[in-house]
Amino acid sequence: MDPSSKDRPKDGWNPDLNQDEAIIAQERLIEKEIAEKICLIGAKCDLMRLSSEYPDDDNAFQEKIKDLRKRYQWMRKTRPDGNCFFRAFTFAYFESLLQDEPELTRFITVAEKSKEELISLGFPNFTIEDFHECFYGVLNRIKSGEISTSEQLQAVFNDQGISDYLVVFMRLVTSGHLRSNEEFFSNFIEGEKTVKEFCSHEVEPMYKESDHIHIIALTAATKVPVCINYLDRGQGGKVTVHNFPEGSSPRIHLLYRPGHYDILYLDSIQNGAVNNV
Amino acid sequence: MASMQKRLQKELIAIQKEPPPGVSVNPANIGPNLTQWIVDMEGASGTLYEGEHFQLSFKFSPKYPFDSPEVTFIGSNIPIHPHVYSNGHICLSILSEDWSPALSVISVCLSIISMLSSCKEKKRPPDNSLYVKTCSKNPKKTKWWYHDDNV
């Protein structure tokens, strides 16, 4: 039955309608609409475009966007599919690797070590190998110069098959770090869940949104410091800024709006040629 | 699509080379393009299902392994278990919400074996007759709620 059928009683209970199917069909429809409208990783655009997303008289947001513009000139949007933190983080980091061979070499070793750690934690060998192979493949294409521009990298990240493999690997790296440091992280998990349960419910599955704990674990595991700018309706006219780990000097910059992460770029004068559009 | 078949090919080799105890895959039961498998499963010895033979149907969408496989018991012997409906549908969180692409056919089989093995009393889920009457043919179209992880 078509769940959007007009025959459906307006507010009554329709016993002929399978409610589960209707809910799922509606969720799929929303996902499809989002997927058609928003790329996994969008083009770089002027940060001021953000202000057009809020009413002119919405002072709380407009003031904060102006504040944000003092430090950042560009942004890149990501698709809000629950993977946005991982995808934004990975894209922004890989983009920085285009100009930084020593860091790329370091990171290839980190990824290799993570793979071994995951296998030693009991993750199925061949699925881990599978994800690592794809992940390493992209890093290697950066190393060889086959991927040398942001546009080429963006095309790779918009190929859903590859892009999702990269996200999965980063999710697993995060989970591996949480599980290896179980004692420490168990203090941050609410309720009765163990770290292992938390990982299998909230970290490893695709489309599950990220929280502070994911960010702490991923930045610690990869040693890639990130700066997150929180844009919300809170008081004060200034965005709240958090560096992970605390006190680090960030390599990549993200924008957080409740439930979603996008990528930010510093003012091009400060950041030189890397940020040329 | 290509990544899905590459992955399933690897999984098929792995499960044939080192199947979990009691699990086997007859190559004749692998559907076109690897999108459907039938997996044979024996009830583990020392459990309530010892000596029983079951069949599991696995269906894979083009989005596998990002989307979970559709897994149901099929055939004449559907295990009587508090999480298995008489139409073969299984209430197991890794088959929907908690699915992760790091899981595989082998890990699903292991979870199902462990679910069966830890069962203390053979009975159907309390809402079996209503569910079987009203559910979709595809268990992935059910919004499951998991009340008890311990069975």
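Positions of Cβ are set from backbone N, Cα and C atoms, glycine also.
Automatic prediction, not curation, is the source of TrEMBL annotations.
The feature domain 'OTU' is assigned by TrEMBL to A:73-267. Residues or ranges marked as active site in TrEMBL: A:Asp81, A:His260. Here TrEMBL flags A:Cys84 as active site, nucleophile. Positions annotated as site 'Interacts with free ubiquitin' by TrEMBL: A:Ile216, A:Tyr230, A:Asp232, A:Tyr256, A:Tyr261.
Neighbour list (A:Asp81 (active site), Cβ cut-off 8 Å, at least 6 residues apart, same chain): A:Glu31, A:Ile34, A:Ala35, A:Leu40, A:Tyr207. Each of the recorded positions A:Cys84, A:Ile216 was scored by the other Cβ atoms within 10 Å of its Cβ; the lowest score goes to A:Ile216. Distance noted between the C-alpha atoms of A:Ile216 (site 'Interacts with free ubiquitin') and the residue listed as 'active site, nucleophile' is 16 Å. For A:Tyr256 (site 'Interacts with free ubiquitin'), the same-chain residues that are 6 or more apart in sequence and have a Cβ closer than 8 Å to its Cβ are A:Ile228, A:Asn229, A:Tyr230, A:Leu231. Neighbour density for A:Tyr230 (site 'Interacts with free ubiquitin'): within 10 A of its CB lie 15 other CB atoms from the protein chains shown. Annotation for A:His260 (active site): same-chain Cβ neighbours under 8 Å, separated by at least 6 residues, are A:Thr78, A:Pro80, A:Cys84. Counted within 10 Å of its Cβ, the other Cβ atoms near A:Asp232 (site 'Interacts with free ubiquitin') come to 12, all protein chains included. Look at A:Cys84 (active site, nucleophile): DSSP puts it in a helix. According to its DSSP assignment, A:Asp232 (site 'Interacts with free ubiquitin') is coil. DSSP assigns A:Ile216 (site 'Interacts with free ubiquitin') to a helix.
Here the domain 'OTU' (A:73-267) returns a mean pLDDT of 95 for the predicted model. Of the recorded residues, A:Asp232 (site 'Interacts with free ubiquitin') and A:Tyr261 (site 'Interacts with free ubiquitin') place their C-alpha atoms 12 Å from one another.
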